[in-house]
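Copied over from TrEMBL, here are the features:
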type     : residues : note
TRANSMEM : 26-46    : transmembrane segment
DOMAIN   : 33-509   : domain 'Major facilitator superfamily (MFS) profile'
TRANSMEM : 93-111   : transmembrane segment
TRANSMEM : 123-141  : transmembrane segment
TRANSMEM : 147-169  : transmembrane segment
TRANSMEM : 181-202  : transmembrane segment
TRANSMEM : 214-234  : transmembrane segment
TRANSMEM : 316-342  : transmembrane segment
TRANSMEM : 354-376  : transmembrane segment
TRANSMEM : 383-402  : transmembrane segment
TRANSMEM : 422-443  : transmembrane segment
TRANSMEM : 455-472  : transmembrane segment
TRANSMEM : 484-505  : transmembrane segment
């Protein structure tokens, strides 16, 4: 470590040189709050895990999707003469699976207004209440309409949760631990998926006629957990300052950092909070340090206008949206993880066998995400993504080759090819869980400036959910049309993603969340998007910090 301009501490061994180093450490309170906030992701993971499994249960299909059920039974009877790739090809079934993503995409637009004006904590409470209502309707469904309404309401709740939880953890976490603590969100998401898959497996083993109702109804447990966890946690200092609660914000910052000496970090958050009101009404220099303009009267429409117009937010917006595109659609990770029970059933694994292997894949997701939480603040975001993306590419090519040789003219998959097929799926899911899945949450939550953070993350999540919707709406049809070529389609996009990450994704490891502007000003490409600093602030510590730090002798800029 060495002193940079303005007396700030410069990191020479990792992250971005010139980023400030705040006092404080990771406290039990921060760890507890991060775990509670991240545990809200269990609901999203449970829904993803339960849906794919329930969708291949015969009792469920017979009641809500009789055409799919009939086609599945026909496939069992006449075997090789039927196109096994197409037995689950149903617009109604795909619409059922995809409806939650579309509902969440709509609600995340409103969630931005709530997180900005009422806080991250309150938004999570709303998410829990909506999820409980949706679970009751879905578990008690008597027809497809009732089932869809329940699923849409759950989607509204998940949109609120996905908006608030990643921001919450990023804002309360010490910058050195931000990556690891944010991985809790994906760990709980994977854990919810695991629990759902085990429940599906148990119901399939017992052959219970209402097993699908049990699977859907037990979602009430994570929904209630989401609500209770949201009631216990504190609000973030960033959100409190943004809404004008200065004294309360400082007390909470001291509490979560475990020290009274938080002046440097508090001042940076205060500057960011003042700047967040600049686009709405007043200029920063018209606000004193004890008076903040309440932004509760400002519309979410203005917030979205700001994130689209703000030059300091444009690199973050582009990076976030491309990350979501690659993760949710282009790499195939979401499609394979969501539909893995159906994929295995398509390859004529028995129902209980496909659910067993789905459970094993879910265990792999949990363990891989936990390993990723250790590596992310050591290797960095970029290196982790590039390495895991390479293994995903190899696995997709391997799956395409195996399926092209093992399934021809509708014949079942050769038993000798089952072990390598399962191995490729295991490695693919592990690589995705180590990298794309958690980092597509972490990176967008940490790279936007405070004034556009809620709206920016909303747009990022909106893109994610729209591509989730597109994936769920088209994957089974694409499998029917492309057959094994679907995996080559995904492999091509994985290769494109590798090029994008190598040249355009900056490293954000070790950079305080309110100092992220340094990253963009030093990147070979994104620096051209950044506006010149105001001449009026020529002698300000902030300007010296941003402009002069690059001249330090121990600069270690990572593109």
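Including glycine, each Cβ sits where the backbone N, Cα and C put it.
A quick note: this is a predicted structure, and the numbers were derived from the prediction, not measured.
At the 8 Å Cβ cutoff, the transmembrane segment (214-234) and the transmembrane segment (147-169) share at least 3 close pairs (sequence separation 6 or more) and count as touching. Stretch with the largest number of CB pairs closer than 8 A to the transmembrane segment (26-46), among 147-169, 181-202, 316-342: 181-202.
Counted over residue pairs 6 or more apart, the CB atoms of the transmembrane segment (316-342) and the transmembrane segment (147-169) come under 8 Å in fewer than three pairs, which marks the two as apart. Here the transmembrane segment (93-111) has Cβ contacts under 8 Å with residues 47, 51-52, 55, 64-65, 68, 123, 144, 147-148, 151-160, 162-164, 300, 304, 338, 458, 461-462, 465-466, 468-477 of the same chain, all six or more residues outside its ends. Pairs of Cβ atoms less than 8 Å apart link the transmembrane segment (147-169) most often to 181-202, out of 181-202, 354-376, 383-402, 484-505. Residues 319, 322, 326, 329-332, 335, 381-382, 385-386, 389-390, 392-393, 396-397, 399-400, 403-404, 407, 475, 478, 525-526, 559 of the same chain sit 6 or more residues outside the transmembrane segment (484-505) yet have a Cβ under 8 Å from a Cβ within it. Residues of the same chain lying 6 or more positions beyond the ends of the transmembrane segment (422-443) and with a Cβ under 8 Å from any Cβ of it are 166, 170, 178-179, 182-183, 185-186, 189-190, 319-320, 323-324, 326-328, 331, 333, 336-337, 340, 357, 360-361, 364-369, 371-373, 375-376, 381, 384-385, 387-389, 391-392, 394-396, 398-399, 402, 464, 508. Remote same-chain partners of the transmembrane segment (181-202), defined as residues 6 or more beyond its termini with a Cβ less than 8 Å from a stretch Cβ, comprise 26, 30-31, 34-35, 37-50, 53-54, 57, 165-166, 169-170, 173, 214-215, 218, 222, 337, 341, 352, 355-356, 358-359, 361-363, 365-366, 368-370, 372-373, 376, 433, 437-438, 441-442, 445-446.
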